[in-house]
Amino acid sequence: MVVDELDLSDYSPTTTATTTTTEDDHGCNWNGWSPVVDWDMLSGDHDDFHDLIESMMDDKTMLHHHHPARVLNVHDGCNSAVSPGTVMMMDEEVTNNGGGGQDFKGLRLVHLLMAAAESLTGMNKSRDLARVILVRLKELVSPTDGTNMERLAAYFTEALLGLLEGAGGVHGKHMLNNGPCHRDDHHQTDVLAAFQLLQDMSPYVKFGHFTANQAILEAVGHDRRVHIVDYDIMEGIQWASLMQALVSRKDGPPAPHLRITALSRGGSGRRSIATVQETGRRLVAFAASIGQPFSFHQCRLDSDETFRPTTLKLVRGEALVMNCMLHLPHFSTYRAPDSVASYLSGAKTLNPRLVCLVEEEVGPTMDGGFVGRFMDSLHHYSALYDSLEAGFPMQGRARALVERVFLGPRITGSLARIYRARGDEESCSWGDWLGAVGFHPISITFANHCQAKLLLGLFNDGYRVEELATNKLVLGWKSRRLLSASVWTSPNSEL
Amino acid sequence: MERTFFTPKEARYPNNQSNGHYQLEMQSTNQPQSSHTSTSRSSDSGEPCGDGKWASKLLRECARAITEKDSAKIHHLLWMLNELASPYGDCDQKLASYFLQALFCKATESGQRCFKTLTSVAEKSHSFDSARKLILKFQEVSPWTTFGHVASNGAILEALEGESKLHIIDISDTLCTQWPTLLEALATRNDETPHLKLTVVVTASIVRSVMKEISQRMEKFARLMGVPFEFNVISGLNSLGELTKEALGVLEDEAIAVNCIGALRKIEVEERGDVVRMLRSLHPRVVTVVEEEADFSSFKNDFVKCFEECLRFYTLYFEMLEESFVPTSNERLMLERECSRSMVRVLACEDEKGHDGDCERRERGSQWSERLKEAFSPVGFSDDCVDDVKALLKRYRTGWSHVLTQGDDSSGIYLTWKDEAVVWASAWKP
């Protein structure tokens with residue numbers, strides 16, 4: 001830990017470092033702010049930045065040891081040639097020189113973000129202060145330039161500004177669904193491109209699909225008819241690979257008839273990456289091309305996105321699977337938690353053979369309230385950013401696209417959700433919820449686990465997979481858990 | 001608006017002072033300091049009153065943290081203030097910047113050094129031209145200083161009516177900008193133009209250096225006006241407490257007027273009584289006193305209260321500057337820097353004997369009155385004088401007004417800005 005060379009509680013000038021007494025020393029005792037920096041804590045490796053945040057979160061009192069004021073490498077700031085009578089505590093140049101400077105700036109940004117979050121909801125709530133801090137942050141960062149931390153801070157700043165402006169009003173809810181960052185506002189080509197990039201450069205998309213698909217394959221081994229209900233089908237890419245797996249089963253039964261019902265969102269003509277119909281057409285064509293018996297259906301959600309199980313067409317004897325992908329790049333998590341709730345509780349009444357759930361892992365609920373969850377969110381996304389950098393090392397623009405199209409809106413949504421919850425409720429994952437309402441876990445097989453490891457092996461070795469519970473695999477980047485894939489069954493389903 | 005009641009903010013009114021003689025109650029509402037909105041502020045100020053502006057909140061928290069010696073909190077707040085402050089930003093940012101400096105000095109006990117530095121830096125960059133330009137520009141856009149001049153001149157002229165040998169002792173740092181009007185008035189009187197001896201007592205080191213030029217100009221002006229004139233400067237004093245009757249060169253047959261503009265606050269608190277008595281010993285016809293309306297003396301031992309009062313006063317002052325000057329004004333910047341020196345002096349320099357630089361511990365009009373009443377009794381301002389003040393205020397932007405006090409034997413006019421009393425002018429006789 002950083003040793004305190006300057007301990008203000010003593011108030012004795014002798015603890016400050018010696019000051020020179022030349023003519024030019026304008027002696028405001030700035031030299032007393034010890035330049036002692038524990039550089040081990042501030043590793044030069046940008047990728048490890050989230051470790052720093054993590055260590056800050058572990059013990060809030062430690063925060064004060066990492067406080068930028070303590071690690072100021074301050075020189076004498078009283079320079080009469082520059083600005084007579086104006087004393088500057090931190091010279092801007094100091095913060096921007098080289099590697100040490102970058103980490104320092106990152107630290108500063110984190111502190112500013114935390115201060116902004118605190119002033120939005122803390123005991124000394126002050127929107128005026130929050131606004132001023134956010135304005136300052138905006139001056140320091142840009143969503144397209146700079147380090148991971150700087151770009152991330154830019155998105156967080158935007159998200160907080162959105163909370164500040166929209167909070168508490170009808171406006172707020174509107175912003176949530178139709179704000180400028182909304183997915184549908186992006187050009188379809190952008191979204192497509194970003195999705196492709198995300199898939200190719202990171203295991204996020206495939207991890208969820210492969211784990212779910214493997215569990216499905218194992219669960220419907222001998223069934224003649226399989227019916228999959230997909231909450232958010234997007235491009236349907238998960239099913240293309242499932243179908244391929246079904247068709248290429250050796251020494252097994254012939255491929256079952258596969259029926260997929262995709263939930264579609266009605267209402268105000270929102271485009272998706274591809275419309276559900278287009279996805280359906282594509283899947284039908286693909287199935288035909290590989291000889292997989294297949295039919296595709298749509299099921300409309302209500303205008304408020306509530307799922308009504310009765311609107312589903314079921315067929316006797318089919319094995320029912322409910323698929324629920326909530327992670328990147330899906331948007332549903334924040335958009336309509338009630339909708340997800342209606343889907344999963346609807347699932348209960350349908351007694352499915354399998355429920356596959358992939359969602360974001362959040363940190364443990366701390367007493368930190370909004371600020372605690374905010375910091376956790378910052379930690380989460382900084383890990384995400386670091387991992388993407390590992391996958392896109394030379395391609396800043398590609399990353400920027402993914403960040404703009406997917407991450408930015410997710411950040412906004414996450415923060416809005418945290419803000420609304422305001423730390424009152426326990427943060428509960430959907431997995432916990434499923435367990436609580438009576439679904440039974442289904443073990444993830446050794447084969448499934450190995451497959452996941454293999455998958456990650458294709459990417460950066462910063463990724464790792466853990467088996468957090470018998471039915472839950474978690475994908476993480478370094479020390480941060482990011483995604484979890486879990487498998488469940490209805491207690492009343494026929495096995 | 002004559003004969004109205006008003007009182008400075010109750011919360012900060014020193015209740016231990018017996019102000020029984022002066023029942024002052026302001027008609028308009030006294031809102032907390034954060035209510036003054038600045039026209040140039042970009043952030044929306046539609047905040048519930050309890051919230052207050054961010055700068056004052058952080059600053060007050062920091063002052064409290066310093067008193068409580070909460071090291072972690074002090075660090076955090078100083079850091080935040082430093083991030084958000086700027087001497088070139090809006091009012092909040094400026095206040096944050098300058099008060100940050102004072103608080104930092106307080107926390108690190110480096111007030112003396114900082115003050116010395118700031119002063120020497122200011123001295124180096126001052127010249128006669130810049131000082132003069134500054135004062136004149138300020139007088140052009142705001143009646144903050146001219147108010148006192150007009151009121152005092154009126155009282156002096158009336159008190160010295162009919163006298164032929166006048167000796168005005170000017171204890172101020174106004175670079176004699178008060179006197180041309182008075183000289184003119186003397187020159188255009190119906191009867192014989194009297195002989196005027198002007199003795200200027202200068203305290204601020206910055207001003208000392210320019211007095212030579214001033215004396216030349218004053219003598220020239222008096223010649224032009226046809227007023228027999230003699231000019232002396234007393235500038236060697238370390239503090240006003242050292243002023244003596246002998247040093248002032250007072251003669252028997254002179255009619256004396258003592259003019260104290262922002263002078264009494266420069267005297268160390270313990271010596272103020274003595275100085276008042278010394279002035280009495282000069283047997284002046286009139287003593288005019290002009291001071292800024294703030295109380296930095298009562299709470300010497302309560303840092304937080306003292307800080308709050310400083311914050312209140314300088315917030316008012318800065319906002320006034322913002323609304324009076326154009327945004328890019330260099331003069332405004334210099335005036336703000338002057339304030340920063342005062343802030344450091346009041347907040348971060350423990351009152352020890354033997355340090356240089358002037359005291360800056362202001363007192364309110366009612367408090368000065370208490371002191372002055374020991375040796376003098378108040379003289380009311382005549383209707384003519386008040387008319388002159390009204391005419392003066394009309395020349396400036398809206399927001400300025402005046403209030404006469406009422407009490408048993410009180411006198412004095414307050415200059416108000418947006419219904420806040422900011423400057424107090426009064427006249428006294430033995």
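Cβ atoms are placed via backbone N, Cα and C, with glycine included.
TrEMBL annotations: computationally assigned, not manually curated.
The region 'Disordered' annotation in TrEMBL covers B:1-50.
Residues annotated as compositional bias 'Polar residues' in TrEMBL: B:14-33.
The compositional bias 'Low complexity' feature in TrEMBL is assigned to B:34-45.
Sequence annotations record features per position, and here TrEMBL assigns region 'VHIID' to B:135-200.
Counting same-chain residues at least six beyond the ends of the motif 'VHIID' (B:166-170), those with a Cβ under 8 angstroms from any Cβ of the stretch are 156, 160, 176, 178-179, 182, 186, 194-201, 248, 250-251, 254-259, 261, 282, 284. As annotated by TrEMBL, motif 'VHIID' applies to B:166-170.
Look at the region 'SAW' (B:348-429): DSSP puts its residues at 21 helix, 23 strand, 38 coil. Look at TrEMBL and you will find B:348-429 tagged as region 'SAW'.
Looking just at the motif 'VHIID' (B:166-170), the mean pLDDT is 94. DSSP labels the residues of the motif 'VHIID' (B:166-170) in these numbers: 0 helix, 5 strand, 0 coil.
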